[in-house]
Amino acid sequence: MTQITLLTPDDWHLHFRDGDMLQETVPATARLFQRAIVMPNLLPPVTDAKMVTEYRERILAARPAGSTFEPLMTIFLTNNTTEQDIIDAKAAGVVAAKLYPAGATTNSDAAVKALDALFPVFEAMAKHGMLLLVHGEVTESHIDIFDREAMFIERYLARIVAAFPTLKVVFEHITTKDAADFVMSAADNVAATITPQHLLLNRNDLLVGGVRPHNFCLPVLKRSTHQEALRAAVATGSSKFFLGTDSAPHEKHRKESACGCAGCYSAWSALELYAQVFDDLGALDKLEGFASKHGPDFYGLPRNTSTVTLVKEKWTVPSEIILPNGNPIVPFFAGEEINWKVKTA
């Protein structure tokens, strides 16, 4: 197959950041994606309806002229979140609330420390039809970073899912066989997003031959057996798995430093990279479901009706992009050749 046409995809997990960065990130995503679930981990985090509304306006202002791209907004759960916060957020158009264990990712220090205390909030979310998006890692310092996802399932996620059978839960950016197996065996109210980097890479690509800071993300890349389990999961065509890039930009100097930031900025190449994965797996016929159908179906939103076409044509990801402030950012797969390209008129 040398050409494939898909319903226009959506990105069910990304980070736009804020300020000048929006002038880069919003157009990059709006290029191909009709909608995107926008993460709320700003400084300070987006915790209520007023902050959501203001952030959404800043995103809309950064859209290219004529764009119909729609940001789907989320709020950041803390131990101070109340049922009224959920009601107000829902009224403001928020579709989901994000659970970050404190310290699990960029700007998550304000996040949840005592998870059981949030059970009344989860109950309110189920009642009001708001989805729960989960960064599924424990954060205790003595637990090995490669084991934190599996431990979270065992300690917390299994209990949340069992306690709230009507709450829709998205296990975000899964990285392990444990997570893929959990989602596959769970009831229909549980789904997962998978990033391009976790399908394309494993921890050798982070650490062998030198540290590769632009492949560093959280949850961290795992061993190849986990990568293969994720690839096998998407190749099944199961509606429980859908596209979420976790595109997460940091300026070059913040990645290439003594304490580099976590995140892969994949917005400029994500759909093409997913196509490459599905092609390698002999499962191109499953790409449209993963990219364009399973996400809106799970969220209870209409599928897009427009289309995008990819052609099998090699191109090279730019080595860097200059941000509006003049600083460079290194995109995911910088300088690498990709086999699929978006067909332009």
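Each residue, glycine too, has its Cβ placed from N, Cα and C.
Worth saying up front: this structure is predicted, and the values here are computed from it rather than measured.
In the three-state DSSP scheme, D246 (Zn(2+) 1 binding site) is classed as coil. In sequence order, H13, L14, H15, E172, H173, T193, T195, Q197, C217, G263, C264, S266 are the residues near D246 (Zn(2+) 1 binding site), counting only same-chain partners six or more apart with C-beta under 8 A. The Zn(2+) 1 binding site annotation in Swiss-Prot covers H13, H15, K98, D246, and the record cites sequence analysis as its basis.
The substrate binding site feature in Swiss-Prot is assigned to H15, F16, R17, N41, H135, L218, H250, A262; the stated evidence is sequence analysis. Other Cβ atoms within 10 Å of the Cβ of F16 (substrate binding site), summed over all protein chains shown, number 24.
Per Swiss-Prot, the feature Zn(2+) 2 binding site maps to K98, H135, H173; the stated evidence is sequence analysis.
A strand conformation is recorded for K98 (Zn(2+) 1 binding site) in the three-state DSSP classification. Among the features that Swiss-Prot reports, N6-carboxylysine is placed at K98.
Per Swiss-Prot, the feature active site maps to D246; the stated evidence is sequence analysis.
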Based on the record's binding annotation for substrate (H15, F16, R17, N41, H135, L218, H250, A262), what whole-number value in Å is the widest Cα to Cα distance?
19
At the Cα level, what's the spacing in Å between K98 (Zn(2+) 1 binding site) and N41 (substrate binding site), rounded?
9
Say we define neighbours as other CB atoms within 10 Å of the CB. Which of the binding-site residues L218, A262 has the fewest?
A262
